[in-house]
Amino acid sequence: MQQLILASSSPRRQELLRQVGIPFVVAVPEVDEHAVHADSPAELVERLALRKARAVSVRYPGAIVLGADTIVVVDGEVLGKPADRAEAEWMLGRLSGRSHQVLTGVALVRGDEELVAHEETVVRFAPLSREQIQWYVETGEPMDKAGAYGIQGRAAALIASISGDYYNVVGLPLHRTVQMLTQFGYPIFTGGAG
């Protein structure tokens, strides 16, 4: 079977691939995410995912490299990972009682072959009190996540609704990723369920 390399240090992306039984090796890309610019959030996540996959692909010729990048967008403003607790509180205040978009870019690279797409999910937070925001920030959970929350963790108690791919919000849209891997000739649905 062809080797799949995950160009990400995200434990959530690793867990999602394990969940569906896709074997992979992790290789952390060295990419300056702040140096990437785009005209739209969708274009931004696709460019970032592709840049990550390309950065790792040069070290693994012949392998399929999977890169991904997730952002949160509210009122057209991109919210990345908070720099500190104050910024996490500010971000959660922005999301309180409102809908926002979560976009994940997914890129596959094998040599000169490239495939890029993105997924968008709409998430609505319940109205949050200052105490709820402080409680959540004090857990430490928001600090390494785009938009300062992890839907798969304690923030689940703060979410009013979701429209779209739940796994996209976690960090990797599994259905789209599997479709892309299949399109790339990676055999996912063959053999036994061993």
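Yeah, the Cβs are placed from backbone N, Cα and C, and that goes for glycine too.
Neighbour list (Arg12 (site 'Important for substrate specificity'), Cβ cut-off 8 Å, at least 6 residues apart, same chain): Gly150, Gln152, Val170, Gly171, Leu172. Under the DSSP three-state reduction, Arg12 (site 'Important for substrate specificity') is assigned to helix. The site 'Important for substrate specificity' annotation in Swiss-Prot covers Arg12 (among others) and rests on sequence analysis.
Over all protein chains present, the Cβ of Asp69 (active site, proton acceptor) has 28 other Cβ atoms lying within 10 Å. What Swiss-Prot records for Asp69 is active site, proton acceptor.
For Thr70 (among others), the entry in Swiss-Prot reads site 'Important for substrate specificity', with the evidence type sequence analysis. Every protein chain shown contributes to the tally, and the Cβ of Thr70 (site 'Important for substrate specificity') ends up with 29 other Cβ atoms within 10 Å.
Counting Cβ atoms from all protein chains shown, Gln152 (site 'Important for substrate specificity') has 17 others lying within 10 Å of its own Cβ. The site 'Important for substrate specificity' annotation in Swiss-Prot covers Gln152 (among others).
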